[in-house]
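Features as listed in Swiss-Prot:
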- Lys101, Ser102, Ser103, Leu104, Gly105, Arg106, Asp119, Thr127, Leu128, Glu129, Gln148, Tyr162, Gln174: dCTP binding site (BINDING)
- Gly116, Phe117: site 'Important for bifunctional activity' (SITE)
- Glu129: active site, proton donor/acceptor (ACT_SITE)
- 160-193: region 'Disordered' (REGION)
- 167-177: compositional bias 'Polar residues' (COMPBIAS)
Amino acid sequence: MLLSDRDIRKSIDSGDLGIDPFDPLLIQPSSIDVRMDRYFRVFNNSKYTHIDPKLNQDELTSLVEVADGDPFVLHPGEFVLAATLEKFTLPHHLAGRLEGKSSLGRLGLLTHSTAGFIDPGFSGHITLELSNVANLPITLWPGMKVGQLALFMMSSPAETPYGSGSLGSKYQGQRGPTPSKGYLNFSSEQDSD
């Protein structure tokens, strides 16, 4: 069941759903608008010959902090990681789905590549996977609305929510745009093959 604005407010007011910083004006009829933070991760295209998900390529990205009052310029064909200004803490019975804002999509900005699902129990800033598919550069301003988070009531609370020790939740508590930790999905047995 998709939460309505009134159910989103109830969940926040009860302390069930955590959003920090919270602005009540961000609540939409069936979602919460999310804003862009000032941190971006850019890819170091000359450091590696290719991306290998099996390897920990620490120097694949560099963190860039945009100065107050300045935008980040995303050029055509570029892909960067960014993050929401807001930190979200989802209870064990709510899951989220991040979508872009239609006004930005109409300009050629894609907000996420594939990772729009937010598990119950997640706590942290949501990493955004931004792509410019337009023919012109797009300026990205810290604090601008960049997406919307829809929340779904689950049929029952998750038995093993995100962040549980047994899951190996790699992105729990993340702050800022967090690079891939996909290499942790490969076991040491696979590494010896």
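Cβ atoms are placed via backbone N, Cα and C, with glycine included.
Features as recorded by Swiss-Prot, highlighted on the structure.
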residue	record	DSSP (3 states)
Lys101	dCTP binding site	coil
Gly116	site 'Important for bifunctional activity'	coil
Leu128	dCTP binding site	strand
Gln148	dCTP binding site	strand
Gln174	dCTP binding site	coil
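Taking only the Cα positions, the spacing between Ser103 (dCTP binding site) and Gly116 (site 'Important for bifunctional activity') is 18 angstrom. Reported as a whole number, the C-alpha separation between Lys101 (dCTP binding site) and Gly116 (site 'Important for bifunctional activity') equals 13 Å. Annotation: Gly116 carries the greatest number of neighbouring Cβ atoms among the recorded positions Gly105, Gly116 [cut-off 10 Å, Cβ to Cβ]. With respect to their backbone Cα atoms, Leu128 (dCTP binding site) and Gly116 (site 'Important for bifunctional activity') stand 9 Å from each other.
The two recorded residues Phe117 (site 'Important for bifunctional activity') and Gln148 (dCTP binding site) have their Cα atoms spaced 12 Å from each other. The binding-site residues in question are Ser103, Gln148, Gln174, and the one with the fewest Cβ neighbours inside 10 Å is Ser103.
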